[in-house]
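Input: a single structure, listed below in structure tokens.
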Amino acid sequence: MVLRGRAVLLAVLLAAGSLGRWAQKPRGAPSAISAIQPKANFDAQQFAGTWLLAAVGSACHFLQEQGHRAEATALHVAPQGAAMAVSTFRKLDGICWQVSQRYGATGVPGRFLLPARGPRGAVHVVAAETDYHSFAVLYLERARQLSVKLYVRSLPVSDSVLGAFEQRVAQANLTQDQVLFFPTYGFCEAADQFHILDEVRR
């Protein structure tokens, strides 16, 4: 039961696009992610492979309070037609976990819908900027709360890529104090069969 509880916790953390509670916006506020354009002619085949999470910009209070507990996080991406199969690898209590999810197609290349647990609904995902071989900036929105994520193929992050990310963060009305940089070491490459959570089949 303890193992199962940890698995559920990890799924909730990943589905939220960050690590926890969000500051609430008025219900009447427009959806910020609807105005964000995906990369022109987004190519899921070129986007496939491994991405390392370098930084997250978010207004999540829990993220700011518990940022010192952030773990190195890697994404393994495989195209499934217009959709993408995404496996996230990160540690929880020192153990490597794999969470398998499906970024569902929406009819717009580069714009995806990720089913998620809980009453706050699905996560909207936009691959807004990428050169495919070095970096990618993804926006995630759930219950009208937006986060900006920077992924890279390898570390360290170049100054030009960091500058592009910081510009995106500013455009999302987030400050530098709301940016969390993730560890650059300790990445998980695999998880054993007892630490795999398949959200696709649920």
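Every residue gets a Cβ built from N, Cα and C, even glycine.
Sequence annotations record features per position, and here Swiss-Prot assigns disulfide bond to CYS96-CYS188. Residue density at CYS96 (disulfide bond): 19 other Cβ atoms are found within 10 A of its Cβ, drawing on all protein chains shown.
Feature annotation from Swiss-Prot assigns N-linked glycosylation site to ASN173. Residue environment of ASN173 (N-linked glycosylation site) contains 11 other Cβ atoms, counted within 10 Å of its Cβ in all protein chains.
Under the heading signal peptide, Swiss-Prot lists 1-23.
ASN173 (N-linked glycosylation site) and CYS96 (disulfide bond) are 34 Å apart (CA-CA, integer value).
DSSP assigns CYS96 (disulfide bond) to a strand segment in the three-state reduction. Here the Cα atom of ASN173 (N-linked glycosylation site) is found 32 Å from that of CYS188 (disulfide bond). Remark: CYS188 (disulfide bond) has ALA72, ALA74, PHE89, ARG90, LYS91, CYS96, TRP97, GLN98 as non-local neighbours, by Cβ distance under 8 Å and separation of at least 6 in sequence.
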